[in-house]
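The structure appears below as structure tokens.
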Amino acid sequence: MRQSKKLGQCFLKDKNFVKKAINRAEITNKDVVLELGLGEGALTKELAKIAKKVYVIELDERLKPFADEITSEFENVEIIWSDALKVDLKNLGFNKIVANLPYQISSPITFKFLDVDFETAVLMYQYEFAKRMAGKPDTKEYSRLSVAVQYNADVEFICKVPPSAFSPKPDVNSAIVKLTKREPKYFVKDEKFFKKVLKAMFQHRNRTIKRALIDSSHEIEIDRDNLKEILEKVESEFDFSERVFKTSPEKIGYLSNLLYDEI
Ligand code: SAM
């Protein structure tokens with residue numbers, strides 16, 4: 001079978017990373033695991049040996065021979081032939097996620113995962129993306145993605161994975177990340193508005209918060225002059241002179257609530 005670049009088909013060959021991902025997910029025979037992307041089943045087989053049940057979502061039906069081999073050996077594996085972005089994850093009832101993700105859908109699939117209940121997810125991403133997910137304020141990796149993912153999950157960067165661990169070898173480095181789902185640590189009045197504020201701010205991560213917001217007022221759908229007036233009104237309650245890349249997620253949450261009350 002010719003592997004599809006479009007579907008991110010770089011299959012994991014190095015068993016050490018398979019083991020590492022499964023160990024860090026702490027899979028037991030009580031766990032119902034969701035895997036995205038069967039490939040040739042490198043992760044699936046090892047998950048099936050330990051977990052109570054494994055759901056695998058796979059888009060490419062050319063991989064059916066691998067699926068048939070696995071499902072005839074393991075009764076606890078169920079393959080869902082579909083685009084993972086279109087599957088309703090809420091009704092599957094898994095508690096852990098383990099996957100070597102197709103990197104093209106890293107962002108939408110991560111936010112789809114974060115929208116449902118799970119305990120832990122051990123996921124493989126492109127290295128730079130993983131670093132940004134785990135980014136802390138005042139580092140070069142701190143980004144809109146860091147704040148959005150860390151809103152309701154703890155992110156632990158586990159290790160870098162070289163191209164030689166896959167076949168075919170990708171052009172980029174990869175990394176394993178562990179997400180632990182939790183309640184948000186700060187209160188946000190309106191999550192949609194919070195995400196708009198986040199987008200506006202990080203379009204200009206090196207500028208002051210005030211400058212960034214004014215220059216991207218369209219992202220929060222407030223007329224520029226109107227926004228200037230609002231910022232002046234609440235200036236005593238917030239330090240708008242801080243640089244965006246230094247501003248903690250909690251402060252961004254507070255700012256979003258402050259602006260939300262004024263619009
Ligand atoms: N788990 C295997 C491994 O580690 O070797 C395969 C990982 S490979 C990086 C990604 C897999 O996701 C491929 O099998 C690909 O066909 C599948 N895939 C790509 N886009 C998908 C989508 N939108 N929904 C479901 N599966 C998808």
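We count from 1, first residue shown onward.
Glycine too: its Cβ is placed from the backbone N, Cα and C atoms.
Cβ neighbours within 10 Å of L12 (S-adenosyl-L-methionine binding site), excluding its own Cβ and spanning all shown chains: 20. Secondary structure at L12 (S-adenosyl-L-methionine binding site), taken from DSSP and collapsed to helix, strand or coil, is strand. Marked as S-adenosyl-L-methionine binding site by Swiss-Prot on the basis of sequence analysis: L12, G37, E58, D83, N100.
Sequence-distant neighbours of N100 (S-adenosyl-L-methionine binding site) (same chain, 6+ apart, CB under 8 A from its CB) are F11, L12, A21, G37, G39, A42, L43, L123, M124. Binding residues for S-adenosyl-L-methionine (L12, G37, E58, D83, N100) extend across at most 20 Å, taking the greatest CA-CA distance. When the binding-site residues E58, D83 are scored by other C-beta atoms within 10 Å, E58 scores highest.
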